[in-house]
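Q: Handing you a structure now.
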Amino acid sequence: MKPNWFMVFLSLGMSALAGYGLYSMNVDNDNVWLITIMGGITIYSALVGVSGFRFERDGHSVNIRLMSSLFLVAFIVDNLVFSIVGLYVAPYIILTGLLLFVYAGVAYKMINTKV
């Protein structure tokens, strides 16, 4: 597993822009920084999984990128729904945290398989 540093930093910039977009959607909300930071972190973690690493085995690369793409869509939908409907802190933290931990756990298991 080798990092592609250009794509890692590009993902950081893209997630910062996505976080700013979430900030601008929730500027009148009291918890605007919560969705800005959590949105940036979740989108960054999925974007790095999509394009930030190269794996020795092609099967790992395809599986990780596909799973990261699916979770990227899930994170974007999650953040947009809570931005449009209204940010309720406890459900947002629980749902986003569960999605992030499931993503990290599945990615860890996929990387460490010996197939």
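Cβ from N, Cα, C; glycine included.
OK, TrEMBL features for this one:
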type     : residues : note
TRANSMEM : 5-25     : transmembrane segment
TRANSMEM : 31-50    : transmembrane segment
TRANSMEM : 62-82    : transmembrane segment
TRANSMEM : 88-108   : transmembrane segment
Q: What stretch in 5-25, 31-50, 88-108 has the biggest tally of Cβ pairs under 8 Å against the transmembrane segment (62-82)?
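A: Looking at each of 5-25, 31-50, 88-108 in turn, the most contacts to the transmembrane segment (62-82) are made by 31-50.
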Q: Counting only residues 6 or more past its boundaries, what in the same chain has a CB within less than 8 Å of a CB in the transmembrane segment (31-50)?
A: 7-8, 11-12, 14-16, 18-20, 22-23, 64-65, 67-69, 71-72, 75-76, 78-79, 82-83, 87, 89, 92-93, 96, 99-100, 103-104, 107
